[in-house]
């Protein structure tokens, strides 16, 4: 008796399934006809505004759609049965070992993958919990009491920079994009004097260490070739004072309009080919250093107005410059992610050291008491450096926003960080966060904070900040004695 092969048996089985499938479809069609007829009879008894022919067409279409879906459902069931049959045949022919090995390998791969995911999740959780614990310890070590004391309003555009005089009487100076620089009474908040001798945005203001002189760096319009640094007398003569600024004031000015003004500068220094973004006095006050977008920093003699040195080496535009309070040292920062230390202590040798550690524009770098430099960057970090070891910072502060022109308190050794996100935060030299200046709808800055500066000789306001909300703010920062001893 002949034995039926496996292939012929499978073909016969598939043929029988197709036959049964066609029978089921025919039964379905008959059922659908009865169902559609029943639905048609039910709808005829209902009140409707549709014509009878349109109703019949709709019913026929819906019946066809339902039949198509039912056919697809039946085919899906038949395919599942065929798959189960093939799986049973593979099991009977002894091919389960390879499948078992493959399954085992897949399970092993899946297990290793899940294990790695679990270990990574544990590491992340551990780091997060550890950082929270460390942050909680840092937050509970001390708290600085910050209070807004006074607002200085009068500029018609954003304020780029501000500074406090080092001699008596102590006044506040602001440099604004409205082409003016103003002097303010710290105690009353009134404008004492306005400098109008600029042709463009005033980007920097610094006061002479011993005399009544103000140094302002300006930029004219892009199409104008004039770039200059203006040195003006802080206490002008009567011939230089102009009280006609009241006529030039527009309706946007919120401050007083009767502030005296100075239009003629004592000395004008020219040699830059780009925007003068910052300027500062060297120790002694006989020379000044300027930083420009032409990628150079210039050293000038104030008495002769001559260019002494041109400090080149940065690959992109300069953003800031700062001088050491007691030594002939200059630090310049740039958009090339570096800042450079220039040493003029030896007249015969002018050395330069390059600090690399940021990944974005270095917005400012300032000296502190001792041999430290603090740098801030658009990469949302602030780093404290030791001048004796330039390879790596001794402390790193990570923030959630770009950092602008920072300042360091000489007496309290506190770093004030102005941010793009309208915040001002305070840290100590070791990177521990002390406080955040209060900000709400009624107080604090409403736009980007551009600069901060400390005042060591004033008890009511010892920290000032300015921003693009056209105002400068005086703050009183009270640090616990325990923190100062630390």
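Note that Cβ sites are derived from N, Cα and C of the backbone, with glycine treated the same way.
Feature annotation (TrEMBL): of 62-89, 90-117, the stretch labelled coiled coil is 62-89. Listed ranges 1-41, 124-164; the one TrEMBL annotates as region 'Disordered' is 1-41. Long-range neighbours of the repeat 'WD' (269-310) within the same chain, counting only residues 6 or more positions beyond its ends whose Cβ lies under 8 Å from a Cβ of the stretch, are 161, 203-204, 206-211, 213, 215-219, 226-231, 316-328, 330, 332-334, 342, 344, 350.
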